[in-house]
Amino acid sequence: MGARKSTDRSGQTTPNAHGSGKNSRRRFLKAAGGLGSAAGLSALAGCIGSLGSDDETIRIGTLYDNSGELGFTGEGKDAVTEMFLEEQDYELLGREVELISYDPAGDNTQYQNLTRRIIQEDEVDMLFGALLSSNREAMRPIVNENKQLYSYNDWYEGGVCDQFTFINTTLSSQQRPMIEFMIDNFGPDYYAIVADYNYGTISNQYARFYAEEYGGQPVGEEFVPLGVDEFGSTINDIQQADPDWILSLTIGAPQASFFEQAEAAGLDVPYGSMSNIAGTYEHKTFEPPVMTDTYSCFSYFEEIPTERNQEFVEKFKSEYPDFDYVFLSIVDAYTALQLYWEAVELAGTVDQEEVAAAYESGDISVEAPSGTVAMDPETHHATQDMWLAHVDESHEVQFLDVDGNPTDEPISEQVGTSDWFASECQLASESTWDDPITEQYIPEEGDLTE
Amino acid sequence: MSLIESLFGFLILALSHFGKLALIALGLAVIFGIMGIINFAHGEFILVGAYTTAMGYHAGFPLLLAIFVGGLAAGIFGLIVERLIIQHLYDRLIETLVATWGVSLIVIQLVRIQFGGTFAGIHTPLGSIQYGAFSASTYRIALAGAAIVLFASTYAIFMYTRYGLHSRAAMQNKEMAQCLGIPTKRVYMKTFFFGSVLSGIAGGLIAPTVSLTPDMGTNVLVEAFVTVIVGGANVIVGTSLAALSLGIIQAPASMLFGTLGGYLALLITTVLLIRVLPEGLTGVVE
Amino acid sequence: MDESEHATEESSNPHHWFSHLLDRFDEFHARFEGPNTIGNNRTFWAVFWGIFAILLVYPMIVNTFVLKTNTSFFIWVILALSLSIVWGYSGIFNFGQMATFGLGGYAYGVVAINLTEMIGGTVLALLIGVVLPAVVMAALGYFMFYGQVSGLYVAIITLVVTLMFNLLLTRTSGTTIGDAQLGGLNGMSGIPTLELDVVAFSFDLTPVSEYYLVLALMIAVYLGLRYTVNSYYGYVMIAIREDERRTQMFGYDIRKLKTALFSAGAALGGLAGVLYVSWSGFIDPTMFGLVSASLPIIWVTVGGRGTLLGSGIAAYLLQYTSNELGAMGTGYSFIFLGILFILVILFFPSGIVPALRDRWVAWSTTRKQSGSVQEGNS
């Protein structure tokens, strides 16, 4: 919404601005329909399902927060969804595409109700949604119960193995090159600052496992509750442990205060980050030199120097000037749509079972802003290039190769899921539409070693 | 870590915890102590102060001036809220709670729509001080000093100004004060303004140490409440004592058991203190 | 005023069958009536059972989604009623009612997942989901009320305890209890739906039967609480709320009573939590966050603190509204909600339902005065 408003504010009358206006009207009509027919105690309630159910129209649903703590992230995802649909002229297989998007506002009960609504009433052909893993876990039982094709596209710890879910984003296991790089270049002893919940602790397990493989080990680990923005004792503890580098798994803006406080306390240790820069652009929100010598490994950064990406960034920012930085979540939402488009075109239909089969064909591969992204048939996770970004003292980003030299290439190409997960999760061979597997696997101590 | 270093580390930590708790609680304590209402949008006054300070700072103002502007902006915002909403709800604790909760929802979302998910922060000034192998931010320690200055000024205002006299009278016995010709409504309005300014200044002061986000107010709300309640009815003495004792408890707990331990210690201490001293720390002092 | 109303009706022809029926109708409701509740006359009950009748046929006219959503609103109504008793009637400013809901939900989830093979496993889980919050809150109540903690301090302690549950449950990402993975912030999923086993027949809850079950429980809780607040205990509750010290002087053990009430409210909150988790199959620690904790407080304040009806209606309407705002997908939903809270508080400071009641009473009194002449003619 903020994005749309700013398009108006910029005074442009480009076709794009016009297009997004058109879409907001569409959304409004949808909303009015929802309100009028009302899930309340009005007897009219039953009629929404049939409202405009033209079989020719393809319906795409998004459930991204537009308000609440992650409202800005969700707005970015909805904005890029609009941009993608405009690029496609709201057409797929020669049929019109309708976008239905709701705002679950970060509330998991809302996620559940709106998932039901978007599946059972709006009868979407494809559902994109959830920001946090907990949002996704709230949605998944309903998605599975209704056999709904579903895309999750926000970075997470990995492990979802689900017949109906297709995932393209950076997984913790894919950040392995960063660990190797840090140990090779700075030394084996690291101190981990970990957001104290699933994403943080599971990613930390991966990090510890890979570090051990490369001969490194943690000299200290601090688990920080979400929302904490006070790091005095942590900084003390780090100074005492005297690590070669710090592994950052801080999540959310309050925890990012760590960097400012570490800088102010005169702590001068390089950061190897699994959670900063790409998704939350701390190098843009903090004044230099707070983030100096942060090394971060993700599938996407705004700064990726390919022509494809620079065009994409320029286009998105000109259409949605509220976004100063094109962050990972935005691009993953865009790539998810690209993958769906390809799968539907391959299947020649939007029939969900057939599209799922197309996803599993092994032929789904798109040129995303981040590079080539392919869908792995067995795990339903994207295979993609990983980039190692280095933030310098003026907060500019360079990409590095294995030896630490600047490069225009990814540090690792076409990275899939971890070996452990690939051996656990074999959806194409073991799961079918009618007898589906719908799990999330969490690595236990020792799982990763085998 | 040598004993001296640990002691030093502990002192610095305790001071910075005290500084932060005292700053974020003072504005709330003034409003709660004198008007007897709960301002659930308290965090958003801090937010307004912090954002305005950052804007002023990025516009080229010196930090101190920017903080002053931040306080003023929060004060004006407070005045608007008071005139539009609070003045109709004097002496209605629960109703103000829900209405200010509404204010908080609106402000957070407006800020998010206007400025996005994060706002360009301010670099922490003053550098660091060394002690042995350790170092700490000078500014964090300076915050404790700033808190003491703010408390002293608030004390002076309550003791030596006409407004202070009136507000103390209104706090002790509203009806009697009215009979004596004290315009309690005006006093309340001024109090709300004053409390808002204090919250805004606190926001400006802590702005260089944290990330600026629309939710920054919600994040400090609980700590501010806990400090005020533990402090009890006496705005100055109670609140500063509460901030001090909670800071002194949080510091070693977080050194020994990590950040979570520190936070849990803060919460558990609160529960125990309330149980032992139902009047708050004020009760002990008096 | 209400009694005189009944009196007029009794004095009209008592032998007529219809009038006899009406008398029985009134007699049946008399036990739920009294000065402590809103809606003590025939009109109210006629409307009440009318709405109930609509709710009974409701599943036949709406689709599964609408039905499912409504079921969740009814569950919130039960939670609101539980807080209305604890806070609205007894004056215990409990900021932790949502914690009882969450505890009930988690307890149900853990037990139900572990006993999923056992016949009646979910019923046992339900019992534990009700008992556990009651026990936990009895302990907390004992801690507070036997230490003379009251008023706002109760609110802070209950809030802090709720937030501690949040902190602790968030870190349970690797924790399992038997077969149940608590799941940390990602929440616990795969929780089985309640299965009712009644002697010989047992059935899984479908959306429709689940709706009827929750509806029945909601009505039962409402009527049960109406009965309670208009009984001797209701008067004691209100006495505690109005003046603790005086009530104590009359020989009541305030501490014991408050602890009991607090714990009973928790049992009811736990029941709502169980129903919710059975409804959603999922629960996560945000239930114990600040935002969630404030919700019941807001419902009860907006609806009218001293009324069961108001709390229930407000819970339904506010949850419905925020649901619809989310469906508009605008990002402005919190702004609308914020404005709504402020307007309601400014224009109906004692709550919507008491305000409407006052208006209704004023209107019907004037009508009765002008209409009494006509009645005399017939």
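A Cβ is built for glycine as well, from the same backbone N, Cα and C atoms used for every other residue.
A TrEMBL annotation is a machine prediction, not a hand-curated record.
According to TrEMBL, the protein has these features:
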type	residues	note
TRANSMEM	C:44-66	transmembrane segment
TRANSMEM	C:73-92	transmembrane segment
TRANSMEM	C:98-116	transmembrane segment
TRANSMEM	C:123-145	transmembrane segment
TRANSMEM	C:151-170	transmembrane segment
TRANSMEM	C:182-205	transmembrane segment
TRANSMEM	C:211-238	transmembrane segment
TRANSMEM	C:259-277	transmembrane segment
TRANSMEM	C:297-318	transmembrane segment
TRANSMEM	C:330-353	transmembrane segment
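Looking at which of C:73-92, C:211-238, C:259-277 has the most CB pairs under 8 Å to the transmembrane segment (C:44-66), the answer is the stretch C:211-238. Counting C-beta pairs under 8 angstroms (sequence separation of 6 or more), the transmembrane segment (C:73-92) fails to reach the transmembrane segment (C:330-353), with fewer than 3 such pairs. Highlighted: of the candidate stretches C:98-116, C:211-238, C:259-277, C:297-318, C:330-353, C:98-116 has the greatest count of Cβ pairs under 8 Å to the transmembrane segment (C:151-170). Within the same chain, the transmembrane segment (C:297-318) stays apart from the transmembrane segment (C:98-116): fewer than three Cβ pairs sit under 8 Å, each pair at least 6 residues apart. The list of residues near the transmembrane segment (C:211-238) in space but at least 6 beyond its ends in sequence, with Cβ under 8 angstroms from a Cβ of it, reads 31-37, 52, 55-56, 58-59, 67-68, 70-71, 74-75, 77-78, 81-82, 84-85, 89-90, 194, 196, 205, 247, 252, 257, 261, 268, 271, 275, 279, 308-309, 312. Sequence-distant contacts of the transmembrane segment (C:98-116), counting only residues of its own chain at least 6 positions beyond either end whose CB sits under 8 Å from a CB of the stretch, comprise 79, 82, 122, 124-126, 128-130, 132-133, 136-137, 158, 161-162, 165, 169, 177-180, 182, 188, 190-192, 194, 265-274, 276-278, 283, 285, 287-288, 292-293, 295-296. Non-local neighbours of the transmembrane segment (C:330-353) in the same chain are 38, 298, 301-307, 309-310, 313-314, 318, 321-322; each lies 6+ residues outside the stretch with a CB under 8 Å from one of its CB atoms.
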